[in-house]
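Peer 1: I'd like to ask some things about the structure below.
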């Protein structure tokens, strides 16, 4: 847009931003979003986060979509987690070529969208300044948080993006609802209903973890806009958007075999028995959630917990780590509870008297805040009372990634306490505690970001180790291998499908083959090699043995001669056919 010369308006001190009606707050928001995006691009370009075979599966799906014309609905081998990440990556592969970096570019774009929508949501429900502070907090991240945001393992960036957009659209519709207006003046709202349905549907297809962030905003719409929804156009717009977004999920489940539908799969993930509801296990679930899962997923970088050591760093069970996790976890829940109390108090105070229009609007804003907090609580409760925190609370902490969406609502009491107008002793103490908590959290998140970048040399070494294995296989002339799960699809993708693998157990039976065609190809080739990491547990019981008796017995029974090699921390059995 044309920006007139300042010389023509000597009596006014204005700049082009003012002419465009862009406030300094909005400029700061754009700069923070750009900074967070660049930080993630640099982190990804330098090799982080550590990749694994789950991410390799998405990479393989993207390769098959881009170059083989496949159209998967779900993550290979599953019936509930959509393939959106693979489709986005396939499009980027056509532009920039396949690589681990380009596989993750789509995730960076999703996180950028999440940050932008969360800024708008926070600005709508709270304040412009708090929206900026929220951007700062979410723009940082520990190694664990960045790993969940930037690893293409399905569903997590989508949950953040679509969950945040679902809350934003629903809250905006609730706060601007005025059924007294004639239809022609409300027509512009119907596309917003459709957008809410679309992002809700896409989120449900991508990962059912988003359910709380569809259910609670949907409930808010029913409470705030029920008169408008009784008019068919609004409800139909939302329904059409929902069906369009969730179409792949709906189409699959209409023809799914018994036991293969998405809801059955989800119930299985929640727990195949009711043992997680036993009192002794409930105590363990609460402990795992509060002391491990919440601190890990909300950005505490100290004393990380990863139950599988090859997926990330782990910490000893020490008193120091217990205290660090406990203070963070219980402190988080305390602020969460205070946020609920403040919202309930504000709603009750507004409803107990006949309020003017402005105050009724404030009651609706408080109700929207309650909806956001309720979504976070629902996500937390569904996770806590399941098998997830009972078994691997560190690795499974990613299932409460939705708490990042609720960050502005949960931490609002700290900002409100910092700005309290009370001048008495209680007000002073409130301001001091709030300031310490906010500054301390910012410091911890900054430290977590620094520590995440400090882990990059170790990650780069492991990435190089994977490439060395690919080079070794190429040098040996091996194209098909039997291996363990955590080696298979990672190597298949990193080699650009030049190495095809089949996953086997320690007894050499097939297991966890995400793409069954891979195992068929490997098993049909008599020259397929057996390749396992030295520390895989498949080798002989002796601590120093690098022999794998099951492989040797199988090859011997077939009368196959083989080359046996141990190099670069891998055991190779290469048939001489």
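Backbone N, Cα and C define each Cβ position, glycine as well.
Note that TrEMBL annotation is computational and uncurated.
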Peer 1: Name the residue range among 305-326, 327-348, 459-480 that TrEMBL annotates as transmembrane segment.
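Peer 2: The range carrying the transmembrane segment annotation in TrEMBL is 327-348.
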Peer 1: Which of these ranges is annotated transmembrane segment in TrEMBL: 277-296, 397-416, 497-516?
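Peer 2: Result: 397-416 is the stretch TrEMBL calls transmembrane segment.
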Peer 1: Hey, which bits of the same chain come close to the transmembrane segment (159-175), Cβ under 8 Å, at least six residues off its ends?
Peer 2: 110-111, 113-114, 117-118, 120-121, 124-125, 149, 189, 192-193, 195-196, 199-200, 202-203, 206-207, 209-210, 213-214, 216-218, 220-221, 223-225, 361, 364-365, 367-368, 371-372, 375, 401-402, 404-405
